Structure formats: structure tokens, C-alpha cells
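What TrEMBL records for B:6-25, B:46-69, B:75-95, B:116-133, B:153-170, B:244-269, B:281-302, B:398-426, B:446-464, B:470-490, B:502-520, B:540-563 (among others) is transmembrane segment.
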Amino acid sequence: MAENSDNDYWEANLGLIKICLVIWALVSFGFGIVLRPLLSGISVGGTDLGFWFAQQGSILVFLALIFFYAWRMNKLDRDYGVEE
Amino acid sequence: MDQFTLNLLFVGASFALYIGIAIWARAGSTSEFYAAGRGVHPITNGMATAADWMSAASFLSMAGLIAFVGYDNSAYLMGWTGGYVLLALLLAPYLRKFGKFTVPEFIGDRFYSPTARLVAVICLIVASVTYVIGQMTGVGVAFGRFLEVDNTTGLLIGAVVVFAYAVFGGMKGVTYTQVAQYIVLITAYTIPAVFISLQLTGNPIPALGLFGDHVASGEPLLARLDQIVAELGFSTYTERQTDLLNMVLFTLSLMIGTAGLPHVIMRFFTVPRVADARWSAGWALVFIALLYLTAPAVGAMARMNITDQMWPNGTSGDAVTLEQVETDPAYDWMANWQKTGLLALEDKNGDGMIQYYNDKSAALQERATAAGWTGNELTINNDILVLANPEIANLPGWVIGLIAAGGLAAALSTAAGLLLAISSAVSHDLFKGQLTPDMSEKSELLTARIAMAVAIAVATYLGINPPGFAAQTVALAFGLAASSIFPALMMGIFSKRINDKGAVAGMLVGLGVTLVYIFLHKGWLFIPDTNSFTDADPLLLGIKSTSFGAVGAMLNFATAILVSRSTEEPPQEIQDLVASVRIPRGAGAAIDH
């Protein structure tokens, strides 16, 4: 039984990691680099949105992601009774 | 009081502060030497991690690389912060649960193999020594300027100071010294940036000023900057010049490398609980982001100020006269930096003016010929930009003293931390753990000191003719860490199937191929002129050596998976170990071997 619940906990964790990493890649490699031309129509302070993501936006999203993950995982730890 | 005395005063006062704190904190807590961070609040720990992490590359070099290149070097900004997401999600909580102190210990235990531990030690040493070379470049620039000597002398003096600093060494364990260093370096970085942002854009927050309007012209700052650099034949600031593949791979290398650097990972081994390991990575990034959000503003605004100074009549008018440079106090910074040999002025066409432009630009040939220009007459080393920035903007003397203290804090704390990581890897993991297990504590300490002296001698020698600017050399170190350590750690946690043979083969292939690729482009052992290729014309698919770490990491993953699949499964107790690392429950205090 404990074995099963540990597996479910790990699966839930992997799901959360996947979502976070998709966002991580989207804002940096996506908006900041590869998709920048698509965002070139949206101007931000003398340049475009992609430039803002490359120099500042991605850093702010990274911060939000780490705190979101920590908060969700600590909740998951309690839900599955695996906290310290 | 002259500037030289003021600099000495600021640097001296900051050093007195660190040493004072070290003595005060050590008196009560000698036994906590190894367990730095235990019982320390995650916010305090985050600040200390940020100081450990932000080195001469972040502080001195990065803004200069952004200033003179523009958008492409956003890779440094995204790479060196994005890596913390990987650390927080993929490594930190599990390594904390595992509960040992060093990266080679984890790899040795998880892959049940002394060979794996040995290979991890080698990877760690190669990446860290490369990293120290980059730091020494920065140390040379900082000492050269503030002692007003040439770059090489500055580097040699710096090497002696770094060595002394690292030997007195316990400082690494003293979290509060690092907190003080963080406060000094972030203050030193932010204050001049605020002044300059106010001057140029009227906005006291540099990160917002960057996207604000330029007061003098009324246009948006970045649009104005694009326009004036283009008029001088330079590539525009906000456009991408590098090809897409290199920019993506370079950013990825820096991210993976961040999550593979032993001295950063080590900090997460010793936080009190698994939950704290998750929070600590976030707090570290908060304090790092304070500098990283300001850095692109520092870069853009410094580029603007330099261009305006060189072209006081506008970029389409006449250049600044040699007479003005020599007599106007606003140009004193140029004379100061000429002493270090990192800035040079030469009136090539003898017209009494200093033309600063891109003499390789075809678009500018016509204007150059018509005006009788015979080449660019100002050369600036990228690494001086942050230190010179307050002088360029004519800020008060105390701000200049402050930035000298901050630059040294950044370079010294990281260089010393790395030397300690190298020496403990050699003495603890290599000699004590492998070669001579019955070695006495005294000879272990001696081995550590010798390793440290050798590392700094090598780094100093190579730092005199570095393979690149400080941040570029450091980027190579990240490539090496990315290709070797990160994949082994990640697979050790996320796969039960990777066995000892797979991990060892993966690390050797990843490190080996990446190292050879870097040496082919930067010279064997970084010795100048022994390279067969250059980054302008790289060997494989146009991939530059700085971007190659990500490819090395992929090769590492692929090799480890292939070799493990075709050999036996890891024993049951190792699979149980992996299962237990994944669950926070039952994490005890970290224990040393």
C-alpha cells in the first residue's frame, strides 16, 4: 500500500516538473529567442516583447516557477503523508 | 582626498568587515564548519548562496559583454538564472535527502563504484580550474585598476591575495561573511546604476529605465541606442547577430552548467530539511535576480554614455578632440584605465580627434574615406566596463571606491570558494577516498594546501593570456560542468536503470568530447596559438566552443542510456536507494564519511 502511494506521489511530482519545464523553456528559448520574430509586433520601450523576455521577463518567470513548485510540492508532501 | 586613497579606504574597510565577522562567528561555532547553512534561515542561506555564485564573471564582465554585443548576450542573463529552475526541480531536494556532503560522494554511492567517484572528481577539477582562470582574469582587472598598475602586475598581486584568502579558508563555512559580501557587492552594483539611470532616463530603477525614454533626446533609450551605434557602423543593439542554433545551445549550456557546478550544489546538501532545499533555490535566485535585472540596464546605459562622450557633437558630427580628452576632467577615466593597458587611444590619422567607430563596417567606408579616418582609434576591453562605469558617468569618488570593493568581493569570494572545492576534491575524495585511505589528518591538510597552490599557479599563468573575457572563460567552465556532472546526477535520481558502467561511460564521453572540442578552438590546455579552429569558423555545424556543453551533455545522456541498457540492472539495494531519495520522509541530518 505504502509502495503504491509512493509511486503516485512520484508520478504527481513528475507531472508538476513537466509543466514547470515547459513554461521554463517557453519563456526563455521560446519567447526570448526562437519565437521572438512572432512577438515583434508587440513593442516594449523602444524594442519588442521578445527582447524584454530575453533580458528580464524570463528571469521573473523563473522566480515564480521555483516558488510555485516549492509551494505545490510541500502541499503534495502533506497530501501523500511523505513529509519529514 | 584623492581617488586612490578613497579606493584603498573602501576596499580596506570591506575586508576588515569580512575578517571581523569571520572571527566573531567562528568563536561560537567551530564545530559547524562543515555544516554551513544548518539552522540558518533559507533567506540568509539564499543570500550566502548568491554571494558564492556571483563572481567576477557576473559582476565585472557580464554587463560589458552585453554592452558591446547587445541582445545576443542575453544568453548570459537567461542561462545563469534559468539553471536555478533545473537545480530546484531536478536536483536540490533529492541531493538533500541523500544526505552526503560532496558531489563525488553521491555519484560514488549511487553508481556503487569507486571508479565513478574518481571520474566525478576529475570532472569537478577540470570544470573548477577552468572557472578559476576566468575569475583570475577578473581579479587582474580589478586589482590593476585600483592599485593603478598594469594588468599582469594586478593579476599577480591578486593571485597572492586570493591564495591567502583561501588558505585562511574557514570563511567558506561562515555563512555570515558571505551575507556581508553579498550586501557589499549588491550595493556597489546598484548605487552607480541608479545614479546613471536617473541621469539618462529620470527613472531611479535601472531595470525600468532600460525600457524608458532617454531624457536628452526624448526617444525610447533602446531605440536611440540602436540608432547611434548603427551610425558608427556597429551592429544594432537589439537585433540578433548570432545564428539561432548557437544562441539556443549557448543558453542551454549555461543553464545545465549552473545546475552541474559542485560549489553551488554543495550548498543544498546542508539545508535543514528537504522542503528548505526547494525554498533555498528560490531565495538564492531572488538575490541573484536583483543584480541580473540591473545588469542589462548597466550595459545599455554605459554603451550610451561612452558613445556620447566620444561623439560630443552627435554621431554624425565631429569626434571628440584629443585636447579635450587630455584636459577635460570628464575624460580622466580614460587616462586612469590606460595605465592598466586595457584601454588604448591612438590618433591614427593625426587629425587631433579620436574617432570611435567600427572600421570593419562596409557601410561606413564612404564616410571614413571622405573624412580621412584611417581606422578605429579607441579600443576598450569589455571587462573594464562595470568598474569604469561610475567614472564615465562622472559620479562622486565614493561611488568609485564602492564599486572597487564590490568587484573584489565578487571575485575573491568565488575564487576562494572554488579553490576550496578543488582542494577538498583532491585531498578528501581523491587521496583520502581512493589513493591513500590511511592518510593522517595532517597530511590530508597539507595535500589540500598543495592542490590549492597548484590550482592557483595554473590559473594565474593561464589568466595572463586568457582564452576570452572573464565571463567567456567562465562560460567554458559551465560547458564542462554541463557535459559531465549534471547528466550523471539527474540520471542517478530520475532513472533506476542507469548502472555504474553507463554513468562512467557517459561522464567520460561527455567531458572528453567537450574538452577536446574546446581545446581545438581555444588551444590545448588553453595555451595560445595551439588551436586548429576558431569560434569564427568552428569545426562542427557552426557550433562555437562556448555552446558545445549542451551537445556534450546530450552525448553523456545518450551514452549512459545505451551502455546501461546493454549491461545488467543495478543491484536491488541501489534501486531501493533511488526510491528513498525520491521521498522526503525520513531525511536525517547530512552526514560526512
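From the backbone N, Cα and C atoms, a Cβ is placed for every residue, glycine too.
Comparing B:46-69, B:116-133, B:281-302, B:470-490, B:540-563 for CB pairs under 8 angstroms to the transmembrane segment (B:398-426), the maximum falls on B:46-69.
The transmembrane segment (B:502-520) shares more Cβ pairs under 8 Å with B:540-563 than with any other stretch in the list B:116-133, B:153-170, B:446-464, B:470-490, B:540-563.
Against the transmembrane segment (B:75-95), stretch B:46-69 shows more Cβ pairs under 8 Å than any other of B:46-69, B:116-133, B:446-464. The largest share of C-beta pairs under 8 angstroms with the transmembrane segment (B:446-464) comes from B:116-133, of the ranges B:6-25, B:116-133, B:470-490. Only residues 6 or more beyond the boundaries of the transmembrane segment (B:540-563), in the same chain, are considered here, and those with a CB under 8 A from a CB of the stretch are 243, 245-246, 249-250, 252-254, 256-257, 468, 472, 475-476, 478-484, 486-488, 491, 498, 501-503, 505-507, 509-511, 513-514, 517-518, 520-522. Counting Cβ pairs under 8 Å to the transmembrane segment (B:244-269), the top-ranked stretch among B:46-69, B:153-170, B:470-490 is B:470-490. Outside the transmembrane segment (B:470-490) by six or more residues, the chain places 55-58, 60-62, 65, 76, 79, 86, 90-91, 95, 103, 106-107, 111, 116, 120, 123-124, 126-128, 130-131, 133-135, 137-138, 141, 250, 252-262, 265, 383, 503, 506-507, 510-511, 513-515, 518, 522, 545-553, 555-557, 560 with a CB less than 8 A from a CB of the stretch. For the transmembrane segment (B:153-170), the residues of the chain that approach it from at least six positions outside its boundaries are 22, 26, 33, 135-137, 139-145, 147, 340, 411-412, 415-416, 419-420, 423, 449, 452-453, 456-457, 459-460, 463-464, judged by C-beta separation under 8 angstroms.
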